[in-house]
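**Student:** Got these off TrEMBL a minute ago, pasting:
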type    : residues                  : note
BINDING : 176-183, 202-206, 224-227 : GTP binding site
BINDING : T183, T204                : Mg(2+) binding site
DOMAIN  : 170-334                   : domain 'Hflx-type G'
Amino acid sequence: LVRALPGWSVASTLVVPSAAPGSRLVFGKGNFQDVTEKIKGCQDITSVFLNVERMAPPTKKELESAWGLRVFDRFTLVLHIFRCNARTREARMQLALAEIPLLRSSVNTDSGQQDQQGWGSRYIMGSGESPTELRARALRDRELRLRRVLERLRDKRRLMRKERVRREFPVVSVVGYTNCGKTTLIQALTGEAALQPRDQPFATLDVTVHAGLLPSRLRILYVDTIGFLSQLPHSLIHAFSATLEDVAYSDVLVHVTDVSHPDAELQKATVLSTLRGLHLPPALLESALEVHSKVDLVPGYTPPCSGALAVSAISGRGLDELKAALEASVLRATGRQVLTLCVRLGGPQLGWLYKEAVVQQVQELPEGDAAHVTVVITQAAYGRFRKLFPIDAPSALPH
C-alpha cells in the first residue's frame, strides 16, 4: 500500500506484537519503547504506518506526539491512494463521502478536548450553536448533498444498463484483488490501445466498459471493476457500492487471481468473500470463470484446480482458451444459440439476420437462389424471425 503512493518508499518494516484489544497505545509498554527508539534512530523515517484498520483519534494523537511524526492506519492510507487515483467526478465524490466518518470522529475528539478545557459550550454570534455543533451540522449537510448527487449518478448508471439490455449486449464483469491484472487482461482480449494498465493497487477506481468480440463474432462488453482488498474499511465499501452494482447485472463473471503473488490464495478468498457480501445472484457466482493470470511469471505453472484457466496477457498464453470459455458461458447465460438457417438470397431474410443477429457464415446452395446462413441468435430474435418469415423459415439446424 505504501509503495502505491507516488514518491513514497518503505524505510523500515517491523513486526511487533500488539497489546490487548482496546489498548490506548496499540503496543505494550516495552514494545512501545522499542518501536519509539527504532523510529527516532532512523533519520529517513518521515511518517509511520500501522497496519491496523482504524486508530481511535486519541491513540493517533498520542502516537504522533510521542514520535513527532504523522501516523497513518490502513483506512487513511487507502484514502490517500484513492485520492491519487480518483479521476472522474463520481470517484471524487465517492471518496469525499468515504471521508465523512473520519472527519466526524475528528470533530467528536475536538469536542471532548474543548469540553475538558471549559470552552466547548460557547456559542457563535448568537446562533445558538457551539463551534463543534456547527462543524457537525456542516458535515451532515455535506453528506446529504453528496448522497443526492451520487444517487443521480446512480440513476444515470441504471439508464445505461437498461440501454445495454435493450440492445442485447452481453456483459462480462472482470473482478479480482487489486493489482491482479484485470485491466491488462481486458486490453489483451479487446485490443483496445487506449487502455493504460498500471502496476499499482487501485489504479481503477471507476467502472469502465470496453467492447470486444468473441470467436463467433458476437460483440460483448467487458466491465473493469475496482479492485478488492482484504480488510477494506466498511465505509469505503459502502461509498463505492454504486460502482459495483454493475457486477450484479452481468451475464458472466470472470474472477482473476494473480498466481505470481505469494498471498494468491488469501487474495482469492478475500475476493470471494466480498462477492458474497454483494448479494449477487447465486447462478452468477456459481458459474464464474476462474482465471489464473500472470502465469508467465511462474514457469511451468499448472492450475491446481480443475476448471481454472491459466492465462498470461503479456505472452498470450491461454487467451484463445479463455475466449472459447467466455463464448460458451455467454451463450449459456443469455440463451443465445448457434443455428444454421436456410434463407432465400433475394428476400429480406438475410438483411434482417444481419441486423438482429450475428451472421457467422453464408454458404450458397447449388441452386443459387438460397443459402445456409449460420448465425448466433437469441431465442426471442429467432421467435421474431419465425413469425416474420413463417413460410421461408424452415426448422433450423442447431450447432
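Our numbering is plain: 1 for the first residue shown, then up by one each step along the chain.
Positions of Cβ are set from backbone N, Cα and C atoms, glycine also.
Keep in mind it's a predicted model, so treat the numbers as computed, not measured.
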**Student:** Using CB atoms and a 10 A radius, I'd like the single residue among the binding-site residues N179, T183 with the highest neighbour count.
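**Tutor:** The residue with the densest Cβ neighbourhood is T183.
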**Student:** Report, in whole Å, the straight Cα-to-Cα distance of G176 (GTP binding site) from T183 (Mg(2+) binding site).
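**Tutor:** So the Cα of G176 (GTP binding site) lies 10 Å away from that of T183 (Mg(2+) binding site).
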**Student:** Determine the Cβ neighbour count for G176 (GTP binding site): the number of other Cβ atoms within 10 Å of its Cβ.
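**Tutor:** By my count, 23.
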**Student:** Return the average pLDDT for the domain 'Hflx-type G' (170-334) as a whole number.
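**Tutor:** In the predicted model, the domain 'Hflx-type G' (170-334) has a mean pLDDT of 83.
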**Student:** Please identify, from the binding-site residues K182, I226, the residue with the sparsest Cβ neighbourhood, meaning fewest other Cβ atoms within 10 angstroms.
**Tutor:** I226
